[in-house]
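Participant: Shown below is the structure under consideration.
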Amino acid sequence: MAEFAVKKISPKLGGERGTRNPNGPTSSHDLVEPMEFLYVEVIKTINKSVLNPITHACKPIVEITLGNYQSSTRDLPVGPNGAWNQVFAFDKSTADVLSVALKDGQFPNNTLIGKQNFKVAADIPSRVPPDARMAPQWYPIPSTVEGYHMELLMSVWFGTQADEVYSNAWFADASTVSASREKNTRPKLYLAPRLCYVRVTIVSGHDLIANDRDRTPNVYVSATLDQVRLKTKPIESKNPSWNQDLIFVASESLDGTVKIQLWDLNKDSHDQCIGTLETKLSEMTAVKVPGAASTLFYDIKPGGKIEPEGDTRRFAGRLKMKLATDQSYHVFDECTQYCSDYRAFAKGLWPGTLGKLEVGILGATGLPRAKNALKDRNAYVVAKYGNKWARTRTVVNNKSPKWNEQYSWDIYEKCTVLTLGVYDNQQIFSIDKENDAPVGKVRIPLSLLQWNRIYTGSYPILVLGKEGLKTTGEIQLAVRCACPPPTLTFFPPSYAFATAPFRLLLPKSHYKSPISLPQIDRLRELAVGVNCQNLARTEPPLRNEVVKDMLSPKNNNFSMRKTKANVDRLYDFFTWLSSKYGRLDAEVRSTTDNTPKWITFAVCFCVLWLLPPLTLWLVVYLYPYCLVSFSVYVMIKVLVEYYKTRNGTGPPPPLVLFDVKLSRLEKLDDTQALDEIAEEFDATSAVDPQVLKMRYDRLKASGAEVMVFSGEAASQFERFHALWMLCTSNNVVLICVLALLYPVLLVYYYFSLESLVKAFITVFVFKWVNFTFNRLDLPSAFKNFFRRLPNKEHLMM
């Protein structure tokens, strides 16, 4: 369906610089279209009247009019000496005159004091950074009212979105927004604090006593950090042993306090606290290597009146614990399918940067009105990558807003996903502070992007509901993954860039001491809550509903549609595999012509018996000539790339982010298909009989596991397919290098075919028995490379 596909667009990026030379140098605004604004900075006003001055206190109001747009300082708070220090921005229009009127708000009808007009074409200069800002000057306001001799300190100029005042300007389309809510329309950058796991390992308790000396205490331990409380299982003993981990999520600065309490579980009355301990996160052991935290004994302070009757001792026992901040883990706040960052908390464990992710948010079209709304959307975009969030300005009452704002992020891992969400701002007019309504999200895998190429397109905003798949508009984007040029031709820019496909995807701790998947899901919910708290403390705050929607996980509830789609993925792979074998069988084995049979046999014979000695002969006699030929090939390739860059290359094809057919959403008029989609959103079965409901829910739970398993299997087979097709991609040079290294290695290891087979079997057995001194618990370079191979999971809605 064409409405669900990414459409090709040709914007004039950076004054056409980005379109003509995609591989050219980057700038801060070369992925957006220039937008010209008329900026008016109103600073303050004074009354210099000497003869017959006014007897009342003047309350000056400045009204600025350009064409049909009008802005005013009526609602702005007045600072000392009557200062506003506010910048107003107007879209470039066909109006010829800018009118600045000064009124006295002390009277109900706002008495007009005077007016100053500017001819837009002749009197207003233009300014483009890095030029210095326009110096404000005093403008006399001619007055016909006695007692006023007013002067206004202001500056006027034409600028673009690259101007420094853009982020704090009051735009004309938001002139109806009150001054107290205008801050909610401004563009902002948010840097969420990095997250860290806090591990409280309760090992055992010693010499614990209950309030009743005749009873053995039934003890459990609870730990509380902020509003999160976790506890161990209860054990009835004076010296209980738990060996249980309680893991929390804390944010950067680690200034919280963990409160540990011992509780005596009493069935006849409320649980009684028999001991407490408080520890600051900054005092805990900072663990950057798995298992490095030491086990210590901690004295427990008595919790209230715990001494038995007739005993005046103040004794609560001891706890054996490990208290540590696990800084070697990456804290997941996103689901693994859409993760944008894999770095650990400790900066010393971060890999090198690969390049820059640059995103130009151009605009949107076709945004529908909200239900029962009388006006169009007040839309803004939130982009998230890593722990950096970007929010565009809010364009008020516009179904086709234009933003043209550019943001950039550091890339540490290219197998990540950029998430962009469009939202309807409800904070600028609502009195009861309604939640910002989500319009939809777009996710772009960076693995689909080539380095230093600009991808422009109009991406559909898709929403899947009970009624089927619908578009809620389109968003125009320009995306580029920029990497620095290499120091030497044909060499990677850096060591991190060369080893990126083979290094570990996650920090080592996730492999040395892994956390279970159910626990990661629980910790992810805690991480989302911590992010909401941190971003809510910013000004203006990034609202909780926006953060939760951006970090919402993929729905893994049972879906017959997804199950069928995963089966189709497996079927496609085996169809491709059988077609390869079928072609070989038809052309060689089943044919009556003996020519292809002899050719196949001869090739196999040469590979098994003649290739090793022939390769050895080539190494000894022809290897220098091979090096010369390879050098000539490199020179020709460099010249061809230089010629392409000089003459300009065409834009890359639009990205494919969603496959309607693969997701089985092409038949939306089918009743069964719509029923299967509606089934995905059923939290529980709607059948009345309880037995049938129980069986149906159990079937859905089992089916969800089958669906996830089949999807994971399909992803692995698709990676095998991608590995097979690797030779047809741009990695031919890598294959040539490996082909040149192969004969060099063969010189050292080859003596005869028999010895080669024996050496292979010996090495295999040696690796298979997995000696302790040769054991490697981390994934190999091939596994890391295989994990980054593309699959079709991101194409499924």
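Glycine is treated like the rest: Cβ placed from N, Cα and C.
In TrEMBL, annotation is done automatically, which means it is predicted and not curated.
Residues annotated as region 'Disordered' in TrEMBL: 9-29. As annotated by TrEMBL, compositional bias 'Polar residues' applies to 20-29. As annotated by TrEMBL, domain 'C2' applies to 173-296, 338-459. Residues or ranges marked as transmembrane segment by TrEMBL: 622-640, 722-742.
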Participant: Over the domain 'C2' (338-459), what is the model's average pLDDT?
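Facilitator: Across the domain 'C2' (338-459), the average pLDDT comes out at 91.
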Participant: Is it possible to list how many residues within the domain 'C2' (338-459) are helical, extended or coil according to DSSP?
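Facilitator: Residue counts in helix, strand and coil order: 7 helix, 57 strand, 58 coil.
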Participant: Residue counts in helix (H, G, I), strand (E, B) and coil for the domain 'C2' (173-296), per DSSP?
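Facilitator: For the domain 'C2' (173-296), the helix, strand and coil counts are 9 helix, 62 strand, 53 coil.
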